[in-house]
Amino acid sequence: RSFARSVLRFLGFIFWGTAVAQMFGGVSVILMFKNYRYLFQEPYLSLPGWLALATALTLLPTGVLAVSISVKRSRNQQGTFMYLLLLLLCLEMSSAALARSYHVRTSSQLESAVSYLFHQHNWTCSQGPGNSAVDVIQRKLHCCGVHNYTDWLKASSLCHPTHVPESCCKEKHSLCRGDLGNVEQLSEEGCLKRLEDQLCFNMLYIFWSCTVLSILELLAAVSNGILMRCQPFHELCIL
């Protein structure tokens, strides 16, 4: 029993720390799909992020109960703790499953969406540089073209074949105007690779953090169960 109390106390502090990690992952996923909503049209894709935020908020009182039970056992607290663990398991398994599923789905559609967006870009003909979704992506991710800057040479809407959008320029080159004669001033990596890396990191972060946290919660449930065995069944009527 003393070991179970020590485990619960330790996991209580761990739950507070993982609440911050879950909040970080949830906000990252939500902001990613919000910033690139012209690529990801389905509004439900950010659902794993919202579930991660709900998990983070639920982890805070769960951690408080874990520490409290380890110090002084309470029938009501132990019953409430088990209910919260069950709720957390449901939230995390749902978030992990959706993150994995959406990662596979969006990865397969990302190339066609990015290619279409870049193909429709006609910055030199009908709009000022820096105003389109393409310019926003290239500036945020420090990238150029779908795969690299040579993609702009194939763009049928490009009016000046010796230039690329100024958003391709590296920040340290303030005088860069997208001239292909100064390739060293342009971002080397394509935007597709950067978007894939960001999508992969955020979704896998949610998936693995939820998976690891679920294992810790099962350990907390077992520890709490060991302490509950010492009480008569009729005193656990809250369950």
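Using the three backbone atoms N, Cα and C, a Cβ is placed for every residue, glycine included.
The feature transmembrane segment is assigned by TrEMBL to 7-33 (among others).
Among residues of the same chain six or more beyond the transmembrane segment (45-69), those with a C-beta under 8 A of the stretch's C-beta atoms are 5, 8-9, 11-16, 18-20, 22-23, 25-30, 33-34, 77-78, 80-81, 84-85, 87-88, 91-92, 94-96, 98-99, 102, 106, 203, 206, 209-210, 213, 220, 224, 227. Taken from TrEMBL, the feature transmembrane segment applies to 45-69 (among others).
For 81-102 (among others), the entry in TrEMBL reads transmembrane segment. Long-range contacts of the transmembrane segment (81-102) within the same chain: residues 29, 45, 47-48, 51-52, 54-55, 58-59, 61-62, 65-66, 69, 203-204, 206-207, 210-211, 213-214, 217-218, 220-221, 224, 239, each at least 6 residues beyond the stretch ends and with a Cβ under 8 Å from a Cβ of the stretch.
The transmembrane segment annotation in TrEMBL covers 205-227 (among others).
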